Structure formats: C-alpha cells, structure tokens
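Take a look at the structure set out below.
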Amino acid sequence: MNYLHNFKDTLFVDLLEVLNIVTIGEEHVNQLNLSGDASLSASSESSNMSFNSGSEENSQEKSVEDLEKQNCEINIHKNSDKEADTKKDPFLVTFNGEDDPLMPYNWSTNKKALIIIQTMLLTCVNYMGSSIYTPGQLEIQNEFHVGHVVGTLNLSLYVLGYGLGPIVFSPLTEISSIGRLPVYMITFFLFTMLQIGCALAPNFAGLVILRFITGVLCSPALSTGGATLGDIVSQNYLALVLGLWSIGAVAAPVLAPLLGASMVVAKDWRWIFWLLFFCCCATMLLLTFFFPETSSDTVLHRKAARIRKLTGDNRYYTEKEREEAQLPKKQFLIETLYRPFSMMITEPIVLAFDLYIALCYGAFYLFFEAFPIVFGGIYHFTLVEQGLAYFGFCVGCIFAYIILLVFSIKVAAKRFANNTFTPETTLILAMCIGWCIPLALFMFGWTAKVHWILPIISEVFFVLGCFNIFQASFSYLAICYPKYVASVFAGNGFARSSFAAAFPLFGQAMYNNLGTKNYPVAWGSSLVGFFTIGLWVIPFVLYKYGPSLRSMSKYNR
C-alpha cells in the first residue's frame with residue numbers, strides 16, 4: 001500500500017488502474033451541496049488505496065458512503081478579487097494549498113533523490129548511444145565497404161536525431177493530458193527495441209536509418225530531463241541538481257567508447273548494440289516501477305480524471321485543461337511545435353546561448369575525430385587504450401562540479417539570502433570560466449606530439465569550461481522563461497545537436513587539410529578555439545543588458 005501511495009503515477013500503477021485492479025484517491029467527498037453558495041464539505045479517511053474485488057453485485061446501489069470509499073480529493077478555487085466571484089466552484093480541481101503532498105515540490109527527499117537518480121540514468125543510457133558506436137566504426141566501414149565520411153553518418157545522424165526529436169516531443173510534455181511520463185516511457189521502449197535492429201542490421205543503409213530513428217526516440221530524456229528536475233527541485237537548489245544531471249550527460253558519451261571498444265575486441269561491432277540493449281532493459285524495468293509523473297499540471301489532470309471516473313461527473317476540471325480546451329487544436333499544435341523556433345529567432349537571449357552552446361557542443365564531438373589521429377596515429381594506442389584516453393573528461397567533470405558547488409554556496413546562496421539574486425547572477429559563472437574552452441583547444445592542438453598526457457589534461461580544462469557554461473546558461477534560461485522551459489531546451493537541443501552532427505563529418509578533412517606533420521591537429525583545433533573566444537563575450541553582454549531584454553520579452557510575462 002505504501003508503494004501505491006508514493007508511486008501512484010508510475011507506469012506500473014497506471015496499468016493497475018487501467019485494469020481496475022486498484023482504485024486510487026487522496027481524500028474522499030463527504031457531502032456535495034450545489035445549492036446556495038455551492039458549499040462542499042470534505043472529510044478524510046485512513047486508507048488511500050482500495051483494491052477491487054472483481055464483483056459487481058452492488059455496483060448499481062452507490063450511495064454517499066460508496067463515494068466516500070472512492071477516496072477523491074477536491075479542492076475549491078475561490079476568487080476574492082470581486083464580489084461577484086466570491087462563490088466557490090466545486091468542480092475546479094486544484095492543489096490543497098502550498099503544502100499539499102501531492103504537489104511535486106512537496107514530495108519527500110528520498111522520493112526526489114530516486115527520481116533524480118533515474119533521470120540521470122535515463123540520460124546516461126541515451127547519451128551512451130551516440131559515442132558507443134565509434135570504436136566499431138572501422139569494422140563497420142570494412143564490412144559494408146563504405147568510406148570514413150559515410151561511416152561517420154551513424155554518429156552524426158544519431159546526434160541530429162536527438163536534436164530534432166525535442167521539437168515534437170518537448171511541447172507534448174507541456175500538455176496536461178499527456179505530461180512527461182508517457183513521452184519518456186513510449187519513446188524509450190521503442191529506443192530499446194530498435195537496438196536489436198541495429199545489432200542485426202544486414203546492410204549499412206538499414207543501420208543508418210535505425211541510428212537516426214533511435215536518435216529521435218532518445219531525445220525526450222536529453223531535452224526534457226532538465227524540466228523534470230525543475231518540476232521537483234526549488235530554484236535555490238536547481239543549479240546543483242542540474243549539475244549532477246549534467247555529469248551523467250558528459251560522462252556517458254566519454255565512457256561509452258571504452259565499453260564499445262571492449263565489445264569490439266571481445267566479440268565484434270554488433271555486440272556494441274547488444275550491450276546497449278541490455279543496459280536499456282535494466283533501465284526500463286526500474287523506470288516502470290519507480291518513475292512517476294512530475295509535471296504539476298499533469299498531476300492535477302490525473303487527479304481530476306480520477307474524480308470524474310469515480311463520481312461519474314465530467315464537470316470536474318483543472319485550469320490548465322480549460323485553457324487547452326479553449327484553444328483550437330490546430331492553433332495549439334502550431335503554437336507548441338513552432339514555439340521552440342519562434343523563441344530561438346525572436347528572443348536574443350535564447351539565440352545567443354543557442355549559438356554559444358552549439359559551438360561548445362560541436363567542439364566536444366570534434367574530439368571523437370581528433371582522438372584517433374592523436375592517440376592512434378601518433379602514440380599508437382590500442383582501441384581500448386584510446387577509450388581510456390577519454391577519462392580526462394570524467395576527471396574534468398569532478399573538478400567542474402566542485403567549481404559549481406563553490407559558486408552556488410559562495411555567490412548564489414548569499415544573494416538568495418540577502419534578496420539580491422537575479423537571473424544574471426548565474427552568468428557570473430560563465431564569465432569567470434569561459435576562458436577554459438579556448439585554452440583547452442589550443443593546448444590539445446599544439447601539445448599533441450609533446451607527450452600523450454598533455455592532450456588528456458586539455459580535456460580537463462575543456463570540461464571545466466563547457467560544463468559550467470552549460471550550467472550557467474541552462475539555469476539562466478530556465479529562470480528567464482519558466483513557463484516555456486521545455487520549448488527553450490528543445491530549441492537549444494536542436495541548435496547544439498545540429499552543430500554536433502556536422503562537426504564529425506568535416507572534422508577529419510579539416511584536420512588533414514590544416515594539419516602539418518609536426519602539428520596534425522593544431523590549426524584545426526585553433527580555428528574552433530578562435531570562435532569560442534569570440535562567443536565568450538555573450539555572458540558579459542547579457543549580464544549588462546539581460547534585464548532590459550527580459551523586460552521586452554513576450555515570453556517572460
């Protein structure tokens with residue numbers, strides 16, 4: 001019973017409800033009087049869950065006591081602004097005050113921690129899918145007789161897919177009747193099943209198509225994961241939690257090549273996808289039982305739906321349902337699907353950070369082209385040793401998160417305490433740490449032949465900058481556009497994934513054309529480094545002009 005109470009909006013419990021095995025509610029209705037002031041009195045009952053006996057003998061004789069056993073909770077909305085609106089609406093379903101345990105913000109710490117861990121795990125598994133392929137690329141090229149650029153399509157199209165997916169999926173998660181959970185579970189289930197197709201692909205064209213589709217399907221976890229964390233974590237701690245989530249987002253694609261290399265050495269490239277399939281199955285099992293719906297609008301929608309079902313009265317509604325019902329479906333779809341692009345084009349803040357993050361993300365995936373040149377071509381590392389060379393990024397994640405903690409405690413927390421915190425406070429982190437990215441690119445390029453440890457050290461600096469710029473920008477965007485955070489992240493995901501998909505395609509050609517015998521990756525890395533220096537001015541500009549830009553935004557009202 002305790003499990004059903006704490007995880008009632010999980011996929012497993014949803015199935016139990018659909019099959020009428022359990023009936024779920026919060027508090028029951030004692031008396032409903034729609035005359036006069038439309039008053040409603042409610043009482044509580046010790047049990048919140050009731051199992052159906054399967055018998056329907058007394059189903060035709062429901063009384064008030066029967067309704068009491070259905071455990072419904074109805075909260076009354078009251079507008080005190082005008083005398084005419086003082087009457088209560090018994091059909092408006094809301095949270096039962098700010099301390100309502102049904103509200104995601106008020107869930108227990110243990111429950112929130114479990115959701116955070118599962119969100120990180122889901123993100124890790126999906127991000128692994130991008131780079132776990134790279135150790136097997138040469139084998140795939142040889143088996144299907146394709147060149148390097150064509151072989152790289154399996155990486156690029158996967159990354160492009162999870163940039164395109166959020167344009168459709170992220171707005172859907174903002175619809176109260178859908179929410180986050182169905183989008184997560186349906187897409188991840190299909191993603192898991194298609195790994196079997198990748199492992200058994202008979203030709204290269206089929207593999208490329210499946211990789212693109214799986215990239216699209218994995219996108220909800222990557223783009224909406226931050227919104228899920230924002231559903232349950234207050235703004236005071238959101239930056240820290242997003243930092244933890246981002247560790248998984250960075251660590252997964254850099255650890256995946258080591259796992260992929262192990263599979264290639266032990267078996268062959270097809271076992272890369274079998275390994276990913278098994279990881280997905282384990283994750284899917286955990287999410288089925290312990291990952292609940294987190295969107296507050298959808299939690300209320302589910303509450304209202306249960307009341308409608310148990311009372312047989314379809315007049316119960318939520319404010320969000322009423323808003324969505326009044327908007328024509330065609331217009332609603334246009335707005336939700338068009339909004340990420342609209343905000344990217346019309347909002348200078350969104351556009352600026354989309355460009356900055358896209359370049360950083362593209363530079364990150366450029367390392368997957370540079371590593372074989374440096375560690376394979378210069379130092380003759382084996383396939384597994386090349387996978388180990390990515391550990392510099394993991395070390396960088398640890399130091400980067402420490403910097404984030406220090407900033408949050410020493411700067412952000414103090415400004416929260418004395419009420420001087422503004423969205424621009426988060427930009428201080430990006431302003432102070434942005435120099436690490438160009439330094440890392442220059443260091444990686446010009447010290448590649450000095451000693452193998454120096455390029456690995458440059459990975460640490462790259463993550464120090466990239467990680468904290470991501471945290472600063474995502475926190476800033478989330479605070480500036482709280483109502484449309486999923487759409488903002490969807491547009492950002494499209495921008496950065498487009499860059500990340502393109503960089504591996506021209507990466508090797510760029511290094512070959514710009515490189516010299518003594519400096520094979522120097523000028524190529526430096527070219528990207530110069531662009532990162534130019535975009536480093538963005539947080540400085542927004543720190544000064546951000547408030548005025550936000551005041552003019554129609555999405556910030």
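One is the number of the first residue shown, and numbering goes on along the chain from there.
Using N, Cα and C of the backbone, Cβ positions are placed for all residues, glycine too.
Marked as N-linked glycosylation site by Swiss-Prot: ASN33 (among others).
The region 'Disordered' annotation in Swiss-Prot covers 44-67.
Annotation comment: Swiss-Prot describes 44-57 as compositional bias 'Low complexity'.
Per Swiss-Prot, the feature N-linked glycosylation site maps to ASN48 (among others); the stated evidence is sequence analysis.
In the three-state DSSP assignment, the secondary structure recorded for ASN106 (N-linked glycosylation site) is helix. Sequence annotations record features per position, and here Swiss-Prot assigns N-linked glycosylation site to ASN106 (among others).
Beyond the ends of the transmembrane segment (113-133), by six or more residues, the same chain brings 154-155, 158-159, 162, 184, 188, 191, 211, 214-215, 218, 221-222, 225, 228-229, 232-233, 241, 244-245, 247-249, 251-257, 259-260, 272, 275-276, 279-280, 283, 286-287, 290-292, 294, 368 to within a C-beta distance below 8 angstroms of the stretch. Sequence annotations record features per position, and here Swiss-Prot assigns transmembrane segment to 113-133 (among others).
The transmembrane segment annotation in Swiss-Prot covers 149-169 (among others).
Sequence-distant contacts of the transmembrane segment (181-201) (same chain, at least 6 residues past either end, Cβ-Cβ under 8 Å): 9-11, 122, 126, 129, 165, 169, 172-173, 207, 210-211, 213-214, 217-221, 224, 270-274, 276-277, 280-281, 283-284, 287-288, 291-294, 298. For 181-201 (among others), the entry in Swiss-Prot reads transmembrane segment, with the evidence type sequence analysis.
Beyond the transmembrane segment (204-224), the same-chain residues lying 6 or more positions past its ends with a Cβ under 8 Å from any Cβ of the stretch are 119, 122-123, 126-127, 129-130, 133, 140, 144, 146, 150, 153-154, 157-166, 169-170, 173, 180, 183-184, 187-188, 190-191, 194-195, 197-198, 249, 486, 489-490, 493. Swiss-Prot lists 204-224 (among others) with the feature transmembrane segment, giving sequence analysis as the kind of evidence.
Within its own chain, the transmembrane segment (238-258) is flanked in space by residues 116, 119-121, 123-132, 134-135, 222, 225-226, 229-230, 368, 384, 386-388, 390-391, 393-394, 396-397, 401, 404-405, 408, 412, 426, 463, 466-467, 470-471, 474-475, 478, which lie at least six positions past its ends and keep a Cβ under 8 Å from the stretch. According to Swiss-Prot, the transmembrane segment annotation covers 238-258 (among others), on the basis of sequence analysis.
Marked as transmembrane segment by Swiss-Prot on the basis of sequence analysis: 271-291 (among others).
Look at Swiss-Prot and you will find 355-375 (among others) tagged as transmembrane segment. Distant neighbours of the transmembrane segment (355-375): 131, 134, 152, 155, 159, 257, 381, 385-386, 389-390, 437, 441, 444, 448, 452, 455, 459, 462, 465-466, 469-470, 473, 492, 495-504, 507-508, 511, 515, 520-521, 524-525, 528, 531-532, 535, 538; these residues of the same chain sit at least 6 beyond its ends, with a Cβ under 8 Å from one of its Cβ atoms.
If you look at the transmembrane segment (387-407), the same-chain residues 6 or more away from its ends with a CB under 8 A from one of its CBs are 135, 239-240, 243-244, 247, 250-251, 254-255, 257-262, 371, 375, 381, 428-429, 433, 452, 455-464, 467-468, 471. Feature annotation from Swiss-Prot assigns transmembrane segment to 387-407 (among others).
With a cut-off of 8 Å between CB atoms and residues at least 6 apart in sequence, the same chain places nothing near ASN418 (N-linked glycosylation site). Taken residue by residue with DSSP, ASN418 (N-linked glycosylation site) is part of neither helix nor strand, so it is coil. Marked as N-linked glycosylation site by Swiss-Prot: ASN418 (among others).
Counting residues 6+ beyond its ends, the transmembrane segment (426-446) has Cβ neighbours under 8 Å at 239, 360, 363, 367, 370, 374, 403-404, 407, 411-412, 454-455, 457-462, 464-466, 468-469, 471-473, 475-476, 479, 519, 521-526, 528-530, 532-533, 536, 538-540, 542-543, 546 in the same chain. The transmembrane segment annotation in Swiss-Prot covers 426-446 (among others).
Listed as Cβ neighbours of the transmembrane segment (450-470) (distance under 8 Å, sequence separation of 6 or more from its ends, same chain) are residues 243, 246-247, 250, 356-357, 360-361, 363-364, 367, 374-375, 378-379, 381, 389-393, 395-397, 399-401, 403-404, 407, 429-430, 433-437, 439-441, 443-444, 539. Taken from Swiss-Prot, the feature transmembrane segment applies to 450-470 (among others), supported by sequence analysis.
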Could you give the residue numbers and ranges of same-chain residues that sit at least 6 residues beyond the transmembrane segment (521-541) on either side and whose C-beta is under 8 angstroms from one of its C-beta atoms?
352-353, 355-356, 359-360, 362-363, 366, 370, 373-374, 427, 430-431, 434-435, 437-438, 441-442, 444-446, 448, 469, 472-473, 507, 510-511, 514-515
Do any residues of this chain, six or more beyond the ends of the transmembrane segment (484-506), have a C-beta under 8 angstroms from a C-beta of it, and if so which?
149, 152-153, 155-157, 159-164, 166-167, 169-171, 173-174, 219, 222-224, 226-227, 230, 336, 339-341, 343-344, 350, 353-355, 357-366, 368-369, 474, 477-478, 555
Long-range neighbours only, meaning 6 or more apart in sequence with Cβ under 8 Å: which ones does ASN106 (N-linked glycosylation site) have?
ASP99, ASP100
Determine which residues of the chain contact the transmembrane segment (271-291) at the Cβ level, with the cut-off under 8 Å and only residues 6 or more beyond its ends counted.
7, 10-12, 114-115, 118, 121-122, 125, 128-129, 132-133, 135-136, 181, 184-185, 188-189, 191-192, 195-196, 198-199, 259-260, 263-264
